[in-house]
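*Asks:* Here you go, one structure.
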Number of protein chains: 2
Amino acid sequence: MAAPVITVIGGGQLARMMVPAAVRLGVHLRVLVEDPGTSAGQVVADAPVGAASDEAAVRAAAEGSVAVTFEHEHVPDPVLQALLSDGRSVQPGPEALSRAQDKIVMRRTLTDLGVPCPRWAALSRDTAEARRELADFLAGSPDGSAVVKTSRGGYDGKGVRVVSSVDDVVDWFEGVEAGGPALLVEEKVPFVRELAVLVARRPSGETRTWPVVESVQRDGVCSEIIAPAPGITADEARRADEVAVAIAEGLGVTGVLAVEMFEVAGAGPDGTPGVLVNELAMRPHNSGHWTIDGSVTSQFEQHLRAVLDLPLGDTAATAPWTVMANVLGSTLPDLTDALPGVLGSFPDARVELYGKAVREGRKLAHVNVRGDDLDTVRRRAQQAAAVLRGE
Amino acid sequence: MAAPVITVIGGGQLARMMVPAAVRLGVHLRVLVEDPGTSAGQVVADAPVGAASDEAAVRAAAEGSVAVTFEHEHVPDPVLQALLSDGRSVQPGPEALSRAQDKIVMRRTLTDLGVPCPRWAALSRDTAEARRELADFLAGSPDGSAVVKTSRGGYDGKGVRVVSSVDDVVDWFEGVEAGGPALLVEEKVPFVRELAVLVARRPSGETRTWPVVESVQRDGVCSEIIAPAPGITADEARRADEVAVAIAEGLGVTGVLAVEMFEVAGAGPDGTPGVLVNELAMRPHNSGHWTIDGSVTSQFEQHLRAVLDLPLGDTAATAPWTVMANVLGSTLPDLTDALPGVLGSFPDARVELYGKAVREGRKLAHVNVRGDDLDTVRRRAQQAAAVLRGE
């Protein structure tokens, strides 16, 4: 049987979690990994080694594939263009990816599409000018603070800083002067909570969204996902959903797109809650790990289906509530040591280990718990994750 | 991170379906495959090639593993004994396996345990004597027929024959004379339907059963599983469950055990329906594929947990009904050709392809559908499977 080959660039846990979906669908997964010992490298049968920036390695990994996709957005544009000139199907394509790679481009595109965003401005690369622009932005802020971001290279709270003075980003201005990424400034949104909508889109146009979820953050990193977002009205969910689909279509995204949003009181019609778009990720995303157990079709299977331009699966929830708790760091030398304890005390928990060496704050695993009672589900997910953290 | 290594002997679809569970639990799966192109060989990162009967190959594959397990029962006893003398944890152990490898041993053991079985007799290896024994057995049968089985080597209806005359198994008598497997005869049970109970047991003793299912057979092969068995009473389900647990404990089975049963009218207390045990399989089994989507813990994850002596997971159903439909053969050259059609028409179906070349009657894939209405669920599972069969 000639299994269709999908090449994935990047060997972290997102590529690893594509493995079960690929096995099931009969898809041959080839993952270009940074090292054989990466999270995906340990478990993928076809895992060539090379960097995402190494054009020759990426082109070789793409040979014979029916689609090339990514587990991160950090593939240089010339490499993507080389794949296109080799005739590869690149999903999402370079144009869409460029909007996720650069936050200034992203904000400009979303603003052009009429998508609700926080107030924002791109800072000049002339840092004297940039200091004036930032000072003006801070002067216009109700509490005198704002969020400065590097346009490229940030993730999980890195490259994002809340500032109340121009001097708070002196090091980043120096970075700009040294040829580093440009900066943008955004209002510090007085949000009620953070939401996320995951949408999948296939090249021929079909889109499917999963229920809107609440993303609970700790120190700028997602610690918990509650699906669906508690207390969200059907109207607000529909509007959030429409925003996500508009972005997927407007940016020409294929595969899974995660749209992280702020819920803001009074930002909707007639003073109802509304959403402002915070960040985008053009790939399976932490906010969608709950779908592995909590939805008919997981984000990982849907991503593979989408990049192959296959019909998308049902995204309905399989339980009234699913909570995903991240395991960020652990005091244990090895998470497998915690398996007897966590599986013994939480037979209802779905535990997923990423095969990564323990480091402080590192995403090492997650736990999904489903059920009828949100408080119980949430408590058990948190407790099970705590066991894996060695607490 | 030091992932515990589980060595699996045999590279078919049962080993393949262990991959998603192993990836998730952070277990390193090493599968001894007959050929790199087998169902499991295509997708396992660590897949040495060798036969289950090749002692050196099996011992090498078991090196460094914390447990050795199987996807079929056809590993010769001397090979199992060699693993034990190497100090390996063999799950299930040789003694348990011997009861699944030989149907005469199995029947004798079950009878000794007091497990309800069809009336049966081992036929003599002296075939003149065996002819007389079989003639006597047929003479005692209400309709003059009986079921003759080879004691070893049968599966999926092979090695099983309904006979009404001694002459119907002349070729098998010749086999016995040539040193082939001994024969046994069993009454042809006037069953209402076939049921199956899956139970997992870990070395330290914990057992968990899944809900009792109905197994719909076509030409001696399972074509469909309905979970739970429609209309089964709580009492009958409890008794079937107790039989399965008694067998797992009585035979010292570890890992997953499938107990196939006949439901017989009036065989229970006070004329209620009761069960007689038909066949055993000491491994994940076709009657448990529904658990991948229909239960909190799949049989494949449970098997890995059990052989590692880890606490077992919740086996509750995740939907009122789950139906699994097998895809046995196809008119399509390649099942991946059917993916656009089946995924497009059945977004609710969970399709699993085994990566096998198409051959008549071969198990190539299955489909799971979940839902609230049995008729709908069943119809959709059958229709989706029909698309994969090219109908």
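Backbone N, Cα and C define each Cβ position, glycine as well.
Curation does not apply to TrEMBL; its annotations are automatic.
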*Asks:* Return the residue out of B:K149, B:K356 that TrEMBL annotates for the same ATP site as B:K103, B:E186, B:E187, B:K188, B:V189, B:E194, B:N278, B:E279.
*Replies:* B:K149
*Asks:* Over the residue list B:K103, B:K149, B:E186, B:E187, B:K188, B:V189, B:E194, B:N278, B:E279, recorded for ATP, what is the maximum interresidue Cα distance in Å?
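*Replies:* The ATP-binding residues span at most 19 Å between Cα atoms.
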*Asks:* Averaging the per-residue pLDDT over the domain 'ATP-grasp' (B:107-308), what integer do you get?
*Replies:* 95
*Asks:* With DSSP assignments reduced to helix, strand and coil, which class does B:E279 (ATP binding site) get?
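*Replies:* In the DSSP reduction, B:E279 (ATP binding site) maps to strand.
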*Asks:* Let me make sure I understand the structure: which of the binding-site residues listed (B:K103, B:K188) has the fewest other Cβ atoms within 10 A of its Cβ?
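*Replies:* Relative to the other binding-site residues in B:K103, B:K188, B:K188 has the fewest Cβ atoms within 10 Å.
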*Asks:* Among all the protein chains here, how many other CB atoms are within 10 A of the CB of B:E279 (ATP binding site)?
*Replies:* 18
*Asks:* How many other Cβ atoms are found within 10 Å of the Cβ atom of B:E194 (ATP binding site), counting all protein chains shown?
*Replies:* 21
